[in-house]
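Peer 1: Here's the feature list from TrEMBL:
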TRANSMEM  7-27  transmembrane segment
DOMAIN    10-142  domain 'EamA'
TRANSMEM  33-55  transmembrane segment
TRANSMEM  67-89  transmembrane segment
TRANSMEM  95-116  transmembrane segment
TRANSMEM  128-148  transmembrane segment
TRANSMEM  178-198  transmembrane segment
DOMAIN    180-318  domain 'EamA'
TRANSMEM  210-232  transmembrane segment
TRANSMEM  244-263  transmembrane segment
TRANSMEM  275-295  transmembrane segment
TRANSMEM  301-320  transmembrane segment
REGION    331-351  region 'Disordered'
Amino acid sequence: MDRKIYGAILFIQAIYTGMFLLSKVAFDVGMNPFVFVFYRQSAATVFLAPIALFLERKTAPPISFLICLKIFMLSLFGVTLSLNIYGVALKYTSATLAAATTNSLPVTTFILAVLLRMETAKMRTRAGIAKVMGIVLCAGGALTIAFFKGPTLKLLLHHHLFSYKGEVQNTAASGNSWIKGVFLMLLANALWATWLVMQNRILKSYPSKLLCTTLQCFMSTIQAFVFAIALARDPSEWRLGWNVRLLSVAYCGIVVTGVTFYLQAWVVEKKGPVYLAMTTPLALIFTIASSAVLFGEIISLGSILGGILLVGGLYSVLWGKSREHKIAASNTGDIEQAENGSRKEEIVEKQSSIPNARIQQHASYPA
C-alpha cells in the first residue's frame with residue numbers, strides 16, 4: 001500500500017509540474033485566466049462524468065441537499081476561486097515561483113488541521129518538534145526561492161528545447177507586480193489548503209470519491225462560467241485554436257483536474273491532508289529542472305538553497321508523522337496485549353474455580 005501511495009504522490013507532483021509550465025505559457029501568449037479556468041473545468045467534467053456514472057452509479061449513496069450544498073461551497077472556494085486567483089497571479093510571476101509558493105500549503109494545511117483537531121502538535125515530544133521544524137523549513141525554503149536569487153548557475157549541457165521568452169516576464173520583474181503576484185499566489189494556496197482539509201470531511205459523509213470529484217468539477221464549471229462571462233467580454237478571448245491554449249486546457253482539464261483531483265482524494269483518505277501537502281516540494285524541484293531544460297531558464301543559487309530547505313522540511317515532517325504512527329501502534333499493541341493477558345487470567349481463574357466447585361459439591365454429599 002505504501003508503494004502505491006508513494007507512486008501516486010510522485011505522479012501527482014509530476015502532473016502539477018506540467019500544469020505550472022503549460023499554464024504560464026498559455027497566459028503569456030494572451031489567454032484570459034478566467035476563460036482558461038472555465039474551459040479547464042468543462043474538459044474535466046466531460047472527461048469524468050461518463051466514467052463516474054459507469055463505475056459508481058450503482059454503489060454511490062444518495063446525495064442529500066446538505067451534502068450537495070457542502071460540495072458546492074467546497075467547489076467555490078477550493079476550486080473556482082483558487083484557480084482563478086492562481087491564474088491572475090501566474091501572469092505576474094513565473095512557473096518556478098508558482099511551484100515555490102505552493103509550498104505554503106503545508107503551513108496553512110497544518111494550521112487548519114490542528115484547528116479542526118485532525119492533527120496534533122505536541123511540542124514536548126520529538127515527533128511534534130520535528131513536525132513544527134519541518135513546517136518552518138518549508139516556509140523558509142519557499143521564502144528563499146521567492147525573494148533571494150543570488151548568483152546564477154549555468155547547466156553544463158544548456159540545450160533547451162524551446163526558445164520561449166514570456167511577454168509578462170518583464171512585468172514580473174517589477175517590484176509591485178511581483179509582490180502582488182506573490183500575495184495572490186499565497187491566497188490561492190490558502191484556499192487550496194482549505195479544500196484539502198474539508199475534502200477529507202466530505203468524503204467521510206459521501207465516500208464515492210470519483211463521483212464527488214465529478215460533482216465538484218461540474219459545479220465549478222458553472223461557477224467559472226459566471227466569473228468568465230463577467231470579466232472576459234471580448235469574444236476573441238474565448239477562441240481556442242490548435243495551439244498551446246488548447247493543449248494547456250486539455251492537459252489541465254483532463255490530466256490535472258480529472259486525474260490528479262481523484263488521486264489527491266485517495267491519498268487524503270489514506271494518509272490525511274497534511275501528508276499530501278508536505279509532498280509539494282517535489283513539484284518545485286521538477287519545475288526548476290524542467291524550466292531550465294525546456295525554456296532555458298537559468299537556475300539561481302537561491303533556488304538551489306530553497307529546494308534543499310524544502311526537501312529537509314519534507315523529510316522532517318514525514319519523520320515526525322511516522323514516529324507518531326509507530327508510537328500509536330506500539331501503544332495499541334500494549335493495550336491489546338494487556339487486554340489479552342487479563343482475558344487469559346480470567347479464563348485461568350474460571351478453569352481453576354471449576355475443580356474447586358466440584359470438590360465442594362462432592363464434599364457436601366454424605367459418605
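Glycine is treated like the rest: Cβ placed from N, Cα and C.
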Peer 1: Which residues of the same chain, at least 6 past either end of the transmembrane segment (275-295), have a Cβ under 8 Å from a Cβ in it?
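Peer 2: Distal contacts: 9-10, 12-14, 16-17, 20-21, 94-96, 98-100, 102-103, 105-106, 109-110, 134, 138, 141, 145, 155, 158, 160-162, 164, 193, 196, 264, 267-268, 303, 306-307, 310-311, 313-314, 317-318, 321.
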Peer 1: Does the transmembrane segment (301-320) come close to the transmembrane segment (33-55), meaning at least 3 CB pairs under 8 Å for residues 6 or more apart?
Peer 2: no
Peer 1: Who are the chain neighbours of the transmembrane segment (7-27) in space, where the CB to CB distance is under 8 Å and they lie at least 6 residues beyond its ends?
Peer 2: 33, 36, 87, 90-91, 94-96, 98-99, 102, 164, 166, 168, 244-245, 247-249, 251-252, 255-256, 259-260, 263-264, 266-267, 276, 279-280, 282-283, 286-287, 290-291, 294-295
Peer 1: Do you know the DSSP helix, strand and coil residue counts for the domain 'EamA' (180-318)?
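Peer 2: Result for the domain 'EamA' (180-318), in helix, strand, coil order: 118 helix, 2 strand, 19 coil.
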Peer 1: Three or more CB pairs closer than 8 Å, sequence separation of 6 or more: does that hold for the transmembrane segment (210-232) against the transmembrane segment (67-89)?
Peer 2: yes
Peer 1: Over the domain 'EamA' (10-142), what does the predicted model average in pLDDT?
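Peer 2: That stretch averages a pLDDT of 84.
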Peer 1: Which of 67-89, 128-148, 178-198, 301-320 shares the most C-beta pairs under 8 angstroms with the transmembrane segment (95-116)?
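Peer 2: Maximum Cβ contact count belongs to 178-198.
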Peer 1: In the same chain, which residue numbers or ranges, 6 or more beyond the ends of the transmembrane segment (67-89), come under 8 angstroms Cβ to Cβ?
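Peer 2: Same-chain contacts beyond the ends: 23, 27, 33-34, 36-37, 40-41, 98, 180-185, 187-189, 191-192, 194-196, 198-199, 202, 205-206, 212, 215-217, 219-220, 223-224, 227.
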